[in-house]
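**Q** As annotated in Swiss-Prot:
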| type | residues | note |
| --- | --- | --- |
| BINDING | Gly334, Pro335, Asn336, Thr337, Gly338, Gly339, Lys340, Thr341 | ATP binding site |
| DOMAIN | 710-785 | domain 'Smr' |
Amino acid sequence: MNDKILKILEFGEITKRLSKLAITAPAKEAALKLRPSSNFDQVQNELKQTLALADLLRVKGRLPLTDFQDVHPSTKRLGVKANLNAQELGNLLLVLSLANEINKFLEDVDDEKLNLSAIDSVLDQLDVPDLLFRELKKSVDYDGEVLDTASNALARLRHDMRSNEEDIKNRMDAYTKGNSSKYLSEQIVTIRDDRYVIPVKQEYRGKFGGVVHDQSASGQTLFIEPEAVLNLNNRQQNLIAQEKQEIRNILKHLSSLAREEINSINNIANSLTRLDFLQAKAKLAKEMKASEPKLTQDHSLELRNARHPLIDPEKVVPNDIRLGGDYDTMLITGPNTGGKTITLKTAGLLQLMAQSGLFIPAEEGSKVGVFKEVYADIGDEQSIEQSLSTFSSHINDIIAIMKNVDKETLVLIDEIGAGTDPEEGASLAISILDFLRKKDAKIMVTTHYPELKLYGYNRPRTINASMEFDLKTLSPTYHLQIGIPGHSNAFAIARRLGMREDVVKNAQNLMADEDSDINKMIAKLNAQTKAATTARNRLETSLDRSQKLEQKLQQALDWYNQRVQKQLDFAQERANEVVAKRRKKADKIIAELEKQKNVGVKENKIIEAKGELNSLERQAHNLAHNKVLQREKRQHHVSVGDQVKVLSYGQTGTITKKLSEHEYEVQIGIIKVKVSDRDIERIAKNNAQPKKKLVRATSAIRRSNAHSELDLRGQRYDEAMTNLDRYIDSALLAGLDIVTIIHGIGTGAIRKGVWQYLRSSNHVKGFNYAPANEGGNGATIVKLK
C-alpha cells in the first residue's frame, strides 16, 4: 500500500490511538508501524485474531499484562556466551511470570462460549520452561535484586553480614549516645570508603584511636573509623567480597539455564507482545463502538451507518456507502460544504483500517474487499518547490493513478476536473472516468459540475449520489443519498432568505431549458427517495420487532419444554425406584413359592408371575440408565460432609453446613463460600479426587468465571466492601496472582476502604496504584499469595 494514501486519509492518527491503548513498549511500537495488507488470507487472519481478543475482553476482561523491557538484547548476549546481570534476569522472570499469569487466566475459559482457536498459534508459544522459571523465581525479583533464597551460601553470608552489622552498630552507638558524643560534630554514624565512621571534631582527634578516612571541606570534622570497630569493619568487608563472588556464581548459573531456553524466551516475549497488540486492537474497537467487517472476494464495499473515526462521535453523521454489486462507480454531486469530501475520506479510511486487521466504526454486517492499492486525490496538495498550480497538481496525481490502476484498485478523487475552465474541466473529468471504468477499478468521485449529473444515467454500472440539504433550515444534513444527483438549491435558498420573487423567477427563466428540466427531475427524485427511505425504515423497524418477538417466544417455548422434561424425568425416576423395590420384594416371594411347589402351587402360575415381573423390568430398564435422572439425583440429594463440585467456580469442596432449605456452606481449600443447591453437584466417593489439570497445549481447555478486574465505581461503601471480599475469594479460587481493583478517585472513601481491606488480608502479597495508562490513582493492582 502506498504511503501517500496513509497520509491523505490520516491513517497515522488511527495508529497513534492504537499505540496509546497498548501496554508494553514493543506493542506500542508495533501499533505505530501498522500498515494495511493486500493479502486476503492475512487480512482475514488478522480480523479473526482481533475478534478473539474482543470476545475475550468482553467475557473475561483484560489480560493480566504489565509493561516489560525488551528481552531480545539479553537473549542475544546469551547467544554469544555472555552472562546476564541481575536486572536482565529480573526482566526474564517478569516475562515468564506474565506468560504463567495468562495461562492461568485462560485455564477455565469455556471453548463452547468463547472460541480462541484463531490465537492458538500465539498461545501455544507461552509454554514456560519450568526449571528456569523456578530458579529465577527463588533467586531474583523483578527489580533485579538477588534474593537470600538464591543459594544456601548466600543466605548464610547475608545472615552473618546482618549480625556483624548489628555488632558494628552497637559499638558505634556507644560513641554517638555515650559520653564520647560530646566530641562529635553530629551524633550520627556514616560510611566512608565502604566502612562505618563517626564525625569527630578536629580538636578531639586524639580521643579516638583508629583510622581517618575523610575530612570535611573546612577541615573541622574528621571521619574516623574507631579502633574498636576496625576488626568488625574488616570482617564486614570480607563478607561483602564473599557475597559479591557468590552473586557472580549465581548469575552465571542462571545465565547458563537461560541460555538453554533462548528460543522459548524469545517466543514467549513475542507472544506477549502480540497479545498486547491484539488487545489494543480490541480496546480500540470497543472505544470506537466498531464491528468486525466481513471480507468479500469481489472487491465490493458495503458500509452500513459508517462513521468517520476522527470526528467527534457526538457530531458525526453515519452514512450507508455501497460500491460494487450493481455499480462500480459513484459520482457524488452537489454544492461544497455538504460533506462530500468527508464521505470520500470515510470510505477510504475504513477500507485501510479493515485491511490492517482493525474493526471499523460501522454497523455489523458491513463488508469490504481487499484491494491491492487504494489511490486518492483529495484536497490541495500543490508543490511549492515545483510551482505547480492546483489544477496541475491535481492532474499529476490523476496521471500517476492512471498508470497503476486495475480491477484490484479503489480510486477516490475529490472534485474531479476542478481548477480550470468548467466546460473543459467537466469534459476532462468524463474522459478520465471513462478510462478508469475500462480498467474495472472501483471508483468514488465528488464534483460540483452540473455536466456530470447525467453521467450516472448514460454510463453502465455507474450511479449518482448527493449530500442531502434541508431546505427548512437551509443547512446540509450530511446524509449521503445514493441514486440521485445533487443540485445547488440556489433559488429555494434565495426565496427562504427573502429575495424578491420577480428576481428569482427571472433567474429561473434565464436558465437553459435542459438545465431546468434536470433540476425538476432531481427534485422529483429527491421526494421519491425520501418517501422510499421512510417506508423502508418503517418496514425494517417492524421486521426487527417481529424478529425479537419470535426470539422471545422461542426462548419461552424452550424453557417450557425443559421444565416439562424435567418433571417427566423426575416422575420416571421415582417410578423407577418404586419398580426396583417391588421387583426385589417379588423375587423373594417367587423364591419362596418355588420352594413350596410340593405344597400345591402350580408351576404355570409361577411362570406367569415371572413374566409379569420381567415386563415391569423391561419397562423400567431405560429409566434405570437415564443419565439425566442420575445427574438430577446427584444434584438434589446432598448432605453435610458430602464432597461436591461448585459449578460457578469449577472447584470441588466439602459441605460443612446447611444454611437453609436451598443454601449450603461449602469449604474449598481454606475458603468457605455460600452457594445455592442449584450450583452444586455431589461427587461419588470413587470420583472424589479431582484429576490433575493439564497445561494448555490446544484450545480445548476449561477456564474459570473469575475476571482479572473488579469495578467498584458507583457502589455504596458497604456494598463495595462486600463485593471486594467476595471477589478476592473468587480470584484465589481461580488461581489468579495479579488482579485490578477499579475504585475511581471521587472522595477517596472507596479507595481508602479497599486499601484498608488489602492491608488486613492474609491473602494479599502486595498492592499499589495502577500505571497511568491503566487507570492511575483510580485503580489498584493487587498481587495475591
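Counting starts with 1 at the first residue shown.
The backbone N, Cα and C atoms fix where each Cβ goes, and this holds for glycine too.
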**Q** What is the Cβ neighbour count of Gly339 (ATP binding site) at a 10 Å cut-off, with all protein chains included?
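**A** If we count other Cβ atoms within 10 Å of Gly339 (ATP binding site), we arrive at 22.
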**Q** Neighbour count, 10 Å Cβ-Cβ cut-off, for Gly338 (ATP binding site): what number do you get?
**A** 24
**Q** Residue counts in helix (H, G, I), strand (E, B) and coil for the domain 'Smr' (710-785), per DSSP?
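**A** In the domain 'Smr' (710-785), the DSSP-based counts are 36 helix, 19 strand, 21 coil.
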**Q** Counting other Cβ atoms within 10 Å, pick out the least crowded of the binding-site residues Gly334, Lys340, Thr341.
**A** Thr341
**Q** If you run the three-state DSSP split on Gly339 (ATP binding site), which class comes out?
**A** coil
